[in-house]
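Before any comments, here is the structure.
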Amino acid sequence: MAYMLGAYSVAWVIIFVYLLTIGKRQTKIVKEIEFIKEMEK
Amino acid sequence: MKTTLNLEQEPFTKLKDSLVHRVLVWATIISILTSFYLIFIYAPLETTMREVQKIFYIHVSSAWVAFLAFFVVFVLSIMYLVTRKRIYDIYAGISAEIGVVFTTIVMTTGPIWARSSWNTWWAWEPRLTTSLILWFIYLAYIMIRQMDGAWDKKARLSAVFGIIGFIDVPIVFMAIRWWQSKFHPIVFGDGPSQKGGGVEPEMLVALITMTISFTLLYVVLLQKGVYLEKAKITVENWKEKLREKLVG
Amino acid sequence: MSIFTNALSIAWKDLYSEWKTRQVLTTMIIFAGLVIVVCSFAFDPTNNTTKAVIPGAIWIIIVFSGILGLNRSFVSEQKNDNMHALLTAPLDAASIYLGKFLANFIMLLIVEIVAIPFLFLLFDFREMGSFPYFILVLFIGSFGFVAIGTFLAALAANSRSSEMLLPIMLFPLVSPILIGAVQATKIILTNIDKLPNAISWIQLIGGYNVIFFVLCVLLFEYVLEV
């Protein structure tokens, strides 16, 4: 039982870490767009 | 000479996901929940391995997605070398990344299973060892993509490596299987991640649903990653224009 | 066949300049010697069971000293923009690959000729199963290693950190060769009764060599584009 829970939680932790890095990428791009808009004004 | 960038008309200013993407995200969430229901409640317990056998579903389906992702890299690498369109390169890069993520899942769930059923963390079992080598090959692929230099050079070199690396995989598998079978007695039977050995129909349904939902997850991640990569390239171009404007 | 004569002249150029400086070859041989010394510290040579690690030690020497030579093979062309000169010369990309391959292969063979007897001497290894087959395994294994290694060295030379990139790309890709060659060497050196097994390993390596040699020749022009 413990092994099964361990395996499933590890797998989902890996997927969520990847989702987090994607989110980070997105916020970085959003910030850069904001910055460019600021410069445009 | 003053040119404005017309940011409001550009598609990436708000980073809004398309309708197709949102539909796919919800489909993925629903199908993953469904497969959890099928795995934990619907599918029967295996008689000898009990709950541990349930690792099988996530292990096999992520192995399938990883292999699919690397196959996509292989096809897109050929297409890039033939057509030289940047979009193929972007797709290949994101696909390799997702493939590495799913191979990591295979590499972590595999030893947990091995520990519980063979009482050892790591067995040099052909499939597990091949996944390890696969993992290293595509880490190298990602390192090539992070090389210094112009994008077309990196795209060309990584496409070449994507082709060579994928062709290497079956040979690695064959070599490791020979190595294991000829010089050691077969201790562990045929390995656990086997279709053989009495898979009940309920288990098969759960496995197929899990595989489909992971494939959907792959498609969603690919779409999102490519979208962000495109946005990144556009932002780089804007920055370049802005720099020219500020200098000139 | 102009491809082969061009390849020969490129290989000749490399080997001749190596003969003038003897820089890379000396380094490779000294490095091979050091690997042997490290191996003898790691596995006690007076112990009888260490005979079992000799096949592995042979291939560790080949791989690690081979990678030193491969690293230099294309990076050395970047001085004075030699690579551009090679590309603008009326040559087929395949002949550059073949020439470089030939030069690297010959250099690695020289290292093996010096280092492996030295290894046998230091580890006091006398009886060998079959000498011709041993030579065959060394030849065919080094062939595949250098074939894919030369290709990836050209690929890595595009990067500023090629010395780091090359081993990371090369080791996973040559793992079938390493598995096959070590197993075949082990059988030939210590357990000659199982020769058919060794021959099937040699066939596996041979198949790998054919597939990757053809692939590398075909894909090399994409690596060299400017």
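Each Cβ is built from the backbone N, Cα and C atoms, and glycine gets one as well.
Caution: TrEMBL annotation is automatic and unverified by curators.
Copied over from TrEMBL, here are the features:
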TRANSMEM  C:24-43  transmembrane segment
TRANSMEM  C:49-70  transmembrane segment
TRANSMEM  C:101-121  transmembrane segment
TRANSMEM  C:133-156  transmembrane segment
TRANSMEM  C:168-189  transmembrane segment
TRANSMEM  C:201-224  transmembrane segment
Fill in the blank from the handout: Residues outside the transmembrane segment (C:133-156) whose C-beta sits under 8 Å from one of its C-beta atoms, at least 6 past its ends, are 58-59, 62-63, 66-67, 70-71, 73-74, 97, 100-101, 104-105, 108-109, 112, 116, 162, 165-166, 169-170, 173-174, 177, 180-181, 184-185, 188-189, 195, 198, 202, 205-206, 208-209, 212-213, 216, 219-220, 223-224
Exercise for the section: State the non-local partners of the transmembrane segment (C:49-70) in its own chain: residues 6+ outside its ends, Cβ under 8 Å from one of its Cβ atoms. Expected result: 24-25, 27-29, 31-32, 35-36, 39, 43, 104, 107-108, 111-112, 115-116, 119-120, 123, 125, 138, 141-142, 145-146, 149-150, 152-153, 166-167, 170-171, 174, 178, 181-182, 185-186, 189-190
Handout entry: Distant-in-sequence neighbours of the transmembrane segment (C:168-189), which means Cβ under 8 A and at least six residues beyond its ends
Key = 52, 54-56, 58-59, 63, 67, 70, 125, 128-130, 133-134, 137-138, 140-141, 144-145, 148-149, 152, 155-156, 195, 197-198, 201-202, 204-205, 208
